[in-house]
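Residues or ranges marked as domain 'NLE' in TrEMBL: B:36-89. Taken from TrEMBL, the feature repeat 'WD' covers B:141-183, B:184-225, B:227-266, B:275-315, B:398-439, B:440-481, B:482-515.
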Amino acid sequence: MYIERWQKQHGKRLDHDERVRKRQAREAHQQSKDAQNLRGLRAKLYQQKRHAEKIQMRKRIKAQEEKNVKSSAPDEPSKTPLPQYLLDRSQATNAKALSSAIKDKRKEQAAKFAVPLPKVKGISEEEMFKVVNTGKKTHKKSWKRMITKPTFVGNDFTRVNPKRERFIRPMGLRYKKANVTHPELGVTVQLPIISVKKNPQNPLYTSLGVLTKGTIVEVNVSELGLVTTSGRVVWGKYAQISNNPENDGCVNAVLLV
Amino acid sequence: MSTLVPPPTKRQKTEIAEKARLQQEIESIPDNLGSVRVQFFDQATGSATGPAVSVPVADANVKNLETLLNTLQGNEDDERVPYRFTYQSQDKDNQAIDILADLYHSLLQPGLRTTEDTISLYFTPQAVFRVKAVSRCAASIAGHGEAILATAFSPVSSSTMVTGSGDSTARVWDCDTGTPLHTLKGHTSWVLAVAYSPNGAIIATGSMDNSVRLWDAKKGQSLGGPLKGHAKWITSLAWEPYHAQETGRPRLASASKDSTVRVWDVVSKRIDIVLSGHKGSVTCVRWGGMGKIYTASHDKTIKVWDAKQGTLIQTLQAHAHRVNHLALSTDFVLRTAYHDHTKKVPEADADKVTAARKRFEQAATVNNKIVERLVSASDDFTMYLWEPESSNKPVARLLGHQKEVNHVTFSPDMAYIASAGFDNHVKLWNGRDGKFITTFRGHVGAVYQCCFSADSRLLVSSSKDTTLKVWNVRTGKLAMDLPGHKDEVFAVDWSPDGEKVGSGGKDKAVRIWRN
C-alpha cells in the first residue's frame, strides 16, 4: 500500500525493472534453498504449496502441447461415408463411437447377462465393519458399525436421528463419480453414479451402497446423448466396478454392454 | 399418522381439473369496447382492398376477418381462401406484427392502436390445402449398401424419390409401393448431392469422384458419361429455374470443394460457365428466379453471379466463419416450377413456362416488386438475412444458436425461416424481418436438416439422435415424434405435394413416412 503510494508520488527507482528481473531469475535458487532447508511445519506447508503449483504447471504445459498439435491431414476424408455438410469437420467421435458400439452389441442377446468380473473374493464382516462405541452416561454400552469401505450415498439420502443410525458411512469414503471404460473401444468417461444395483458380497451391502470390486452400479450416461430405437433418451446404464476403490482412491468401472 | 391429509378423491381431482380448465379460458375480449375501423391492403400489390370497414372489437378475430375479407373480394363459398393478417404501422419504424388470434390481444391490449384509429391490415393468402402431419413409417426399404447422404423428392408427385448413398450409387424409389425403381450406377465414390430438374425429367447427381452425372428419371438410364471438370468433390447442385431456361437447353450449376462453381449445359454436356472467385470450398449453390446464382463458401463470403454472362455482381460479406448453407425465399416455387397443388399440368411447353413464371412472380411479389430474399447459415453460430437486389448489407442478423448452424430453409409461403443447428435446437424466425419467433426443443443430438411442408404449417427435422420430429409451426410444439431409424439421420425431404416424408441416414435404410 505505502509502496504503491510512494511510487505514485515519486516514481519507481531507476533500476526497478532490472531488480525485478534479477529477483525473478534467482527465484529458482531461492525455491531450491527453501525446499532443502525448511524444517517442521514450515517445510510441510511449503511442500504443499509447491505441490499445488507443480500440478498447475503440468496442466498448463499439457494444454499448451495439445494446442500445438497439428491436426493430421485435414483433407483426408473419413472412411465411413458422410454427408457433404460433415465432410470438412473434425468430429468429437468419442460419445458417438460409444453409442453405436453399444447398439451393435445390444443385438447380441447372449452378451446381456455376461459381466466382466464373474467372481470376486469374499469380504468378511470383520473387515467390512468397525465397531464404534457411542452414547454417554447411561448409554455407555451402545455401539454402531462403521463401514470401512468406500460407499455411494444417494442425493436423496436424509439422515435419521443419530441415535437410531446403526451404520456410519464415513464422509471421506463416499464417491459420486466413476471412471467408466467402454470395454471394446477403450474410451473412458467420468460419469455420475446413480445407484448401486448389486453388491455380490451381501444384499445388505447393496442397500448400504458399498462400492467394492465386482459391484454393479448404475451410471448416468445422459451427456453422451444415447437414444433407444424407440426414440427415448437413455440415461442410466449399468457398469461393473473393476478395481478395489479402497486401495486406489477412485472408482473405475467397465460398462456392461 | 392422523395429521396426514388423505389424498384427493377422484371427484375432487376432476373438480380441480375442471376449474383449472375454465380459468384458462377466461382470457377473453371485453365486450364494451365498441368497434374499430379496419382497412385491408393486399401484401403483394400494396393497394387497398375495399373501403375501411367497421368491425366490433369483440368479434375481430382472424376467422371473422377472413370471412369479411372473402366477402369484400366477392369470393364464392367454394373458393374461400384462408388469410394471414399483418399489421404495419405507418410510422418511420415501420414495424410489422402478425395478428395471431384477434385484434384485441395483438394490437389494442399492448396499446399499439386504439379503437379510435383506422387499423391497416395487410393480408397474404395462405395455402388453401392442408398437409397432415406424417405419423407413421410407411416403408423401410433396404437396398443401399452404405449410409444415405442425400435425398430428394420428384417435383411432379410424391411417388418417386431419389437417394444418394455412400455405396456410390443413387437409387430411385417408388414411394407408393415402397419398392426400388432404378439403381443409378456409374459413380465411383459416394454420391453427395442429388437434384431433380424442375420438370422432373432428369436427375443430377454429384459425387465424391469429382464428377456430375445425369440420369433419365423415368427410365433410370444414364444420359451420357460423367461431366468432368471439377478437381474436388461436388458439394451442391442447383438447376436453372424452369421459366428462365432457354427452350430445350436447361442448365445445371454444381458447387465443388475445389472452390469453383461450374454451370453445365445439360444437353451438350459441356461446361457453359465457370464461376471462380471463391477462395475456399463452395458449400452451397442456389439459382435464383431472376437470373442470378448465389454461392456460399468456406471463405466467409456469399457471392452473387449473373447466370447469363457469369460475371460477379455482388460479394456479401458479414459472416465471421465459413458459410454452411443458403436458402432462397423462392426455393420452393423454383423447385416445383409449374407443378402446383391442383396437379394440373399444362400441355404445351410454352404454357408450362408461362405457368412457372406466373407462379414464381405470384409468390415473390411484395408491394408490386419481385423480392428474392436470401438467408445464410454459418459456423459463427449466426445467420444473416439478405436482400441482394436492394443492398449489399444484410437486412438482419439472426442470433440465438449456441453452436454451428448447419441448415436453413424458407417456408414455401416465405413467412418463416427455420434453422437447424448442432446445438440440438431448431429455431424459427420471421421470414420478413428475421425476428426470432420460437425454438423447437426436443432433439438430443445435433440437428442435421429440416424441411417445411408445402403449406408451411409443419416442419420436419432430422437429427443425429436417430429420430425425425415433426413440429407445428404456429404453436411451436412437437406435432409428432418419429423414431425408427437405427442411426443418425443425414437427409430428410418433404414431398412438394405434402403427402410423404423421405429420410435416410447411417443405418442404410430409406424410410418413407406418411400420415
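Any Cβ shown, glycine's included, is placed from N, Cα and C.
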Number of helical, extended and coil residues in the repeat 'WD' (B:440-481), per DSSP: 0 helix, 23 strand, 19 coil
For the repeat 'WD' (B:141-183), residues assigned helix / strand / coil by DSSP: 0 helix, 24 strand, 19 coil
For the repeat 'WD' (B:482-515), distant same-chain residues with Cβ under 8 A (at least six beyond the ends): 129, 131-153, 155, 157-158, 161, 163, 165, 171, 173, 175, 178, 332, 335-336, 339, 341, 343, 445, 448-455, 460-464, 466-470
Tally of residues which DSSP labels helix, strand or coil - the repeat 'WD' (B:184-225): 0 helix, 20 strand, 22 coil
Arithmetic mean of per-residue pLDDT over the repeat 'WD' (B:227-266): 90
